[in-house]
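Copied from TrEMBL, the annotated features are:
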| type | residues | note |
| --- | --- | --- |
| DOMAIN | C:5-79 | domain 'Glycine transporter' |
| TRANSMEM | C:6-23 | transmembrane segment |
| TRANSMEM | C:30-50 | transmembrane segment |
| TRANSMEM | C:89-109 | transmembrane segment |
| DOMAIN | C:91-163 | domain 'Glycine transporter' |
| TRANSMEM | C:115-136 | transmembrane segment |
| TRANSMEM | C:148-166 | transmembrane segment |
């Protein structure tokens, strides 16, 4: 039950980030809904494809797509109240990323993915929606532009796998994984943490 | 039988649009075949991945890939007779989109996707080939640039689901869905219909 | 056994090409690992998705992802010894492409894909990792920029299917397919072979 609720919250957060990117790109209302909906349910569809869930939950169940489209419409009408759109994109993206990392790892373990599969499929679910969003609007993915994006996703999914392996209740592992992933990402953004770059001679 | 024929017609139309984009990008003959073939069979492969058809029909059956490649070669040699390449891209794209929306929804229902799955997987099949084409050549997808692209795809797939639910013959639902999707798209292009955009302050 | 070894060698080669592209794009160390790992295991994941292997081998088995990430880290620290990064990208890419074309076709045949499926899924595995790499960093894929890219991949996969159909030992078909694909690609690069382009009037 908690898993479904957090899944919907993650979809709403990602859909909001996608719709706001659409607003920035000056798409029309339908384009905004398409980018918002794709971002919202994209990570879950990738997860289901990798796990062999046919058809993916987000394409066969009403709540996911409804939440995605409704969020996009709210963003379309309400975005003028947001002072700084880009900050909102990044924050919603961080929240969705954490929720999908923890939820994706949990779903993967339930489908017998094993520990490594849990970590990697969780991280893929967390990162996938945002990468699809950025590729749709033809930008270099946030994943590659900003520091500490994949690392928090992997950490959140790993924490869920560890919690499950020591038989902690699902609620605790979901909350711990989400908090770790979203928290580390926000901390890194706030503190402007950066990893070393390569020096290029070419 | 009609389903297979319309599927091939859709593949030919999408392959022509993809090959023409390759001509515009001044790719060599093989690059044109790759973009044409990918656009032609891309939507069907996405549909089969979502429905769990392994391996996808277009990768295991001869007619689909043959039609894609043959169309691309015809475009490579024949394109100088086309006066305005871009108009041809958009028209072939509209025809392929309608055929895949109706055919994709029909195939999805046959695989037990349910009504929502039929609409969304049909629309994904209709939109997928064009999005892959535009991302391959590094352009913002037509889906996002032009107004009324996803809406006709959704409408065509929805019409098929409604026709099937009231037990109309498959031929009628296929033709009605295709005509609605392609017709609305062409009407929107001709009349330059546009949906409202968001106003941005950033 | 040989199949697994060549698979890992292909992963290492593709991961090196991906990590070097990351170095050129001045990504940080984690971004380089993400692009390197995605390029290394991307083609195999596509292959497994098309064949219905859930979850894909590269997401559930340790050696593949370990080899990908380790290679990326080696590239991050060692790249200054490479004089010309772009040449190295193209050579590693050619080696990985050949290995995946032959290995991908072999795996597809083992999963009952049939001859056409073997050729097309082998070529998709060979081309997939590089296309994902180029789309992640927002460049027109090497597949479309350079001449004779898809052709060697198709040839390598085709050779494997032919060898298997006349019951040659797997080792011979793997080596013949890899040598043909990588050899033709390198020959084309060295001789600057080009296919005819379309003339555009628009």
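Backbone N, Cα and C atoms are what each Cβ position is placed from, and that goes for glycine too.
Any TrEMBL annotation is an automated prediction that lacks curation.
Look at the domain 'Glycine transporter' (C:91-163): DSSP puts its residues at 61 helix, 0 strand, 12 coil. Outside the transmembrane segment (C:115-136) by six or more residues, the chain places 14, 17-18, 21, 35, 38-47, 50-51, 93, 96-98, 100-109, 142-143, 149-150, 153-154, 156-158, 160-161, 164-165, 177, 181 with a CB less than 8 A from a CB of the stretch. Within the model, the domain 'Glycine transporter' (C:91-163) carries an average pLDDT of 87. Helix first, then strand, then coil: DSSP counts for the domain 'Glycine transporter' (C:5-79) stand at 65 helix, 1 strand, 9 coil.
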